[in-house]
Structures are given as C-alpha cells and as structure tokens.
Amino acid sequence: MCGIVGYIGGQNAAPILLEGLTRLEYRGYDSAGIAVLGPKDTTQVHRVVGRVRNLTAALPKRLTGKVGIGHTRWATHGPASEDNAHPHTSEDGRISVVHNGIIDNADALRAQLADAGVKLTSETDTEVLAHLIARSGADTLEDAVVEAVSRITGTYAIAVTDSAHPDRLVIARNGSPLIIGVGEREMFVASDLAALVRHTSQVAHLDDGEFATVFATGYRTFTVDESDTTKPTTEIDIAAEDLDLGGFPHYMAKEIQEQPESIERIIRGRLDHRFGVARLDGLNLTPRELRGFSRVKILGCGSAYYVGQIGATMIEELARIPADAEAASEFRYRNPIIEADTLYIAVSQSGETIDTAFAVEEIKRKGGRVVGLVNVVGSTIARACDGGVYLHAGPEIAVASTKALTNMAVGFALIALSLGRVRDLSNADGQRIIAAIRALPDQIRTILAAEGEIAEHAKVAASANSLFFIGRVRGFPVAREGAQKFKEISYRHAEAYQTSELKHGPLALIDESLPTVAIVPADELADRNLAAMQQIRARGGAVLAVTHEDVDFGELDVPRIVVPRTEPELDPILLTIPLQLLAYHAALTLGYDIDKPRNLAKSVTVE
Ligand code: AGP
C-alpha cells in the first residue's frame with residue numbers, strides 16, 4: 001500500500017527519490033517523506049501530509065546528498081500527519097527507516113521502548129524499528145537490522161540508512177514487495193517497478209525473509225542467519241512510456257481505452273483454432289492433470305473476486321465442473337478444506353494483495369495445487385503459485401482497475417477452454433469460443449466509440465445519492481463490479497443485487513430517488529429481467545439497462561446502453577465495459593480525483 005524508494009550513487013538523491021515517489025503514489029498517498037544523507041554524517045529528513053507534490057514544494061532549494069530513502073504512506077497506525085509520515089528516525093537522528101506493511105507486535109515494542117526511556121514521537125508501528133536498530137549495539141548496520149527485524153512479527157519491506165555508514169542502504173523484505181534496480185555505479189530500491197523503469201532495466205526481486213546491503217556499485221543479499229543468497233538480475237519488460245498518461249486526462253481513461261490492445265496481448269500465441277483449445281504452458285499442468293480436477297476454486301479480492309465469479313460461471317458452463325469464487329480475504333480464516341482434486345486459481349492484478357497471497361500460502365501449506373492469474377510479472381503471488389497465466393494487460397496505474405479485470409475475464413475464458421477441451425467441450429464449441437474471443441477487441445472498440453452517450457447517462461447517475469446495480473447469473477458479477485467501480489470513484493452508494501432477490505427485500509427502497517442499473521443480456525433470463533424492471537418502474541424507480549440490441553423491451557420505455565453480442569458465455573466481458581465508462585464519467589461530473597480515490601490504494605499489501 002505504501003511506496004518505498006531508495007537511491008545510492010553519484011547523483012543527487014532527492015530528485016530521484018521524488019520522481020520515484022510520484023510514480024509510486026498510486027500505492028498510497030496520504031503523506032510522504034524523504035531522508036537524504038548529507039555532509040558530515042547528518043541526515044536531512046523532510047515529511048509532509050498529502051501528496052508528493054506537497055513534499056516537493058516543502059523541500060529546501062539546496063538539498064544535496066547522494067544517498068537517500070523515500071516513502072509515500074497509506075495510513076495504518078495513526079492518522080495522516082507529519083509525525084506519522086515516514087521516514088522515522090532514531091532519537092540521535094542516525095538511523096532512518098521507511099516501511100511498508102504492518103508490525104503486529106508494535107504496541108508491545110512501543111511499551112518496552114517507552115519503559116526504557118525512549119521518547120516516541122509518532123503513533124506508528126514503524127518507529128520502533130528505527131529505535132531498535134539504533135539501540136542494538138551490534139557491530140554492523142546489517143547485524144542491527146537483522147536483530148531488530150528478529151524482534152518484530154508481521155509484514156514488512158524496509159529500507160534503512162545510517163549516517164555513520166553513508167556507503168550503504170540496508171533493506172529487508174517479509175510479505176511486502178521490494179526490488180533492487182541496478183544502474184551504472186548507482187543502485188535503486190523500490191516497492192514497485194514503476195519507480196525504476198526510468199533508470200534501469202535490470203532488477204532483482206528480494207524474497208520473503210531476505211535482506212540486502214545495497215552499495216553504489218553492487219549489492220549483497222543474505223538471510224537472517226547471514227548466509228549469502230544468490231540473487232541474479234532480470235530484465236524489466238515494461239517501457240517508461242507505458243507509465244505516462246499519453247495525452248489522456250486520467251490513467252483510468254487511458255486504461256479503459258487500452259483494452260482492445262490489452263486483450264490482443266493476453267491471447268497472442270495462446271489460441272489454437274484448429275483444435276479449439278487454448279495453449280497455456282505456464283499453468284504447468286499436463287492434459288492428464290487438467291482432467292484430474294473435479295472442482296475449481298477461485299480466490300481474489302474486490303473486483304478480482306467479482307471477476308472470479310465471472311470466471312467460475314465460464315468454467316462451469318464450458319468445462320462442466322463445479323467452480324466457485326471466494327473472497328481471498330476471508331478464505332484462510334475459516335480453516336478451509338483443501339482438496340487434492342481441486343484446482344485453485346489466485347487472481348490478482350498487482351500480484352501483491354496480501355489477502356490473496358496468504359490464501360495461496362494456506363492452499364500450499366495444505367498441499368493444494370494453486371495457479372495464478374496475475375498481471376505483474378515476478379510479483380509475490382506469481383512467484384508463489386505452482387504455475388499461471390500472466391495477464392499481459394501492461395502497467396495499470398489507476399486505483400480503479402479496468403483493463404486488468406477485462407484480461408482476467410479473458411484469462412478465465414482461456415482456462416475454461418483448457419479444462420473443457422480435456423472433457424466434454426467439443427472441438428466445434430471450442431472453436432466457437434475462440435472465434436468470439438478474437439472478436440472481442442473490435443467489439444470493445446464499438447462500445448468505447450459510444451463514450452459520449454454513456455457520459456450523458458453518467459451525468460444522470462451522478463445526481464443520485466444511491467444506486468442499485470442488478471443482474472442475474474452471468475449478469476450478477478457484472479452488476480457487482482459495476483457497483484464497485486461506481487462507488488470506488490464517485491463516492492456514491494452503489495449496491496449490487498441479484499435481480500431475483502429484489503422482491504425479497506431491497507425493493508422496499510425503490511422510489512424516485514433511487515435509480516437502478518440493470519444488466520439485461522439477450523439470454524434465457526431476459527423476460528424475467530424485463531419483469532423486474534417493470535416492478536421497479538411501477539414504484540417510480542428510474543432504470544438504465546445495459547443490454548443487447550435484440551432484447552425486446554416491448555412497452556417498457558427505459559434508457560439503454562447497447563453492447564454487441566458475443567457468445568453467451570463471454571457476455572459478461574462486454575457488458576462490463578460501459579459500466580467502467582459510467583463510473584468514470586460520473587466521477588468526472590462530480591469532480592473527484594479519479595485515479596486516486598480517497599481511502600484506497602492500488603496495491604493492498606496490508607491486512
Ligand atoms: C478494483 O477497482 C479495486 N481497486 C480493488 O477491488 C482490487 O481489484 C483489489 O484490491 C484486488 O487487487 P489485485 O487485483 O491487485 O489483487
């Protein structure tokens with residue numbers, strides 16, 4: 001959730017740290033700070049509440065120093081304030097620490113430190129680390145960090161500077177991502193590739209339980225018992241331009257428009273029309289193994305969970321094996337039964353969502369087989385899984401996920417084909433789905449061309465304080481995702497229901513002030529959906545239908561957003577696209593910060 005950057009080399013650190021923090025701001029953005037090692041063993045620490053631009057404005061004109069760390073925060077312990085912003089420092093100012101994650105035993109450690117006479121200056125868990133390191137008495141900074149980290153429980157990625165050792169940064173990771181970027185006689189540290197791509201294409205990902213000393217000319221990685229580990233560098237696969245707005249007013253607008261190309265990337269080389277099958281070598285599953293699964297369980301959080309529901313329906317329809325999706329955030333807390341003949345699929349854009357990562361661990365601990373449907377290459381979840389399908393959606397910056405979710409849904413279609421074609425899905429049906437998948441990019445272009453019309457509907461929707469989103473079977477997760485996107489960025493209450501459930505309670509709320517967005521595909525449930533819309537209209541509720549051209553609305557006169565038809569199994573993919581635009585334009589009308597909605601972060605790396 002928080003973003004960490006670090007620099008050591010021949011350049012002035014501050015501008016590099018600030019630029020990196022700006023790139024990481026989407027991870028968390030309620031306060032920011034940097035620590036730069038200055039001349040004569042001093043550390044210059046600057047922290048502000050708010051965005052990185054506030055920090056930039058607050059910095060002194062001359063802030064020189066070639067080693068530093070920076071942080072953009074998403075509050076967990078204590079509100080957003082200057083005192084709670086990172087870096088945190090030891091009492092003598094020698095040690096500075098930035099941290100991403102949560103220290104579970106922070107209260108106990110704070111009490112112990114206070115008893116020992118330490119004056120704590122923040123409400124954060126992180127501050128304890130600065131004091132523990134400074135008070136360790138170990139001979140080296142590395143030993144002091146290892147010793148301090150051994151006393152904490154919880155999750156962390158940390159970067160530490162010591163003004164007495166200005167030739168190094170010491171970093172450590174457990175549960176929160178941390179990457180080293182390798183330059184020419186300079187090194188970078190970051191929570192995310194986004195902060196590194198402008199400087200280097202060579203990176204090394206730290207693993208959980210690993211530490212590193214980073215010098216200007218190289219790095220050494222080691223474990224808690226100080227044994228060296230081997231950490232080769234890999235080449236980054238994203239270009240710096242991919243992270244720019246490219247002329248769009250918001251990343252969300254850009255990412256919505258990128259969807260046709262992003263689908264083309266996920267299917268490239270993976271569709272075999274002749275045999276009506278998808279080739280997913282990364283799953284690391286033989287046809288015999290694929291055939292051996294008698295159930296599929298999908299785990300994700302938030303929108304990834306809703307798309308998991310779309311995927312479960314696709315898998316049941318195409319492979320005819322029981323499949324369901326569950327919120328990963330709840331999964332491990334109910335001591336789940338892990339079955340050897342169940343294929344577990346973890347789905348995540350960032351690959352760093354801690355709840356999903358923990359669900360993967362729980363499955364593996366109990367001997368289950370888990371594959372990933374992940375966007376960020378080399379991320380925690382991607383590496384923890386036994387195999388997987390990369391989404392190839394490209395970098396997604398807006399907190400409200402769009403293109404990654406669409407690629408998740410397409411990824412599920414590919415997995416459903418693989419599972420189906422080793423069972424009873426015929427070659428002809430496989431070819432039918434493949435042809436439909438190939439047509440999706442152009443069909444999405446058609447929907448995107450109607451953006452102006454959808455923007456008009458959004459203005460109406462934005463004027464309501466509360467909205468319902470309804471759908472049935474394939475349409476229900478679409479409604480859930482539509483409501484999620486709407487509430488996330490427009491701050492309007494938006495609730496999703498199964499259309500069939502309306503009359504069991506929620507219908508009581510319907511009146512002129514509560515509009516409903518109804519998902520009405522041209523399927524076997526269209527008539528029932530029409531009947532529900534009539535019941536809403538009869539109670540004075542406005543309805544906006546997201547539907548297909550050939551649904552006969554008869555006498556029912558409600559505004560409609562029409563999407564092209566695909567094969568019914570893939571309908572949710574296209575029905576979701578207008579809901580992204582609806583949410584985007586509602587938030588635009590209301591004047592909110594679309595890419596960085598309040599209280600949220602792109603990558604949820606704390607529980
Ligand atoms: C989507 O718009 C949300 N920001 C959120 O629900 C997100 O999908 C969820 O936090 C999961 O993230 P992940 O895909 O990176 O795991």
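Along the chain as shown, the residues are counted starting at 1.
Yeah, the Cβs are placed from backbone N, Cα and C, and that goes for glycine too.
For C2, the entry in TrEMBL reads active site, nucleophile. For K602, the entry in TrEMBL reads active site, for Fru-6P isomerization activity. Residues or ranges marked as compositional bias 'Basic and acidic residues' by TrEMBL: 83-92. The annotation domain 'Glutamine amidotransferase type-2' is assigned in TrEMBL to 2-217. Summarising the annotation, TrEMBL assigns domain 'SIS' to 285-425, 457-597. TrEMBL lists 72-92 with the feature region 'Disordered'.
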Original post:
Just how many other Cβ atoms lie inside 10 Å of the Cβ on the residue listed as 'active site, nucleophile'?
Top reply: 29
Original post:
Per-residue pLDDT averaged over the domain 'Glutamine amidotransferase type-2' (2-217) comes to what?
Top reply: 93
**OP:** Would you mind checking how many other C-beta atoms are within 10 angstroms of the C-beta on K602 (active site, for Fru-6P isomerization activity)?
**Re:** 28
Original post:
Reported as an integer number of Å, what is the Cα distance between the residue listed as 'active site, nucleophile' and the residue listed as 'active site, for Fru-6P isomerization activity'?
Top reply: 10
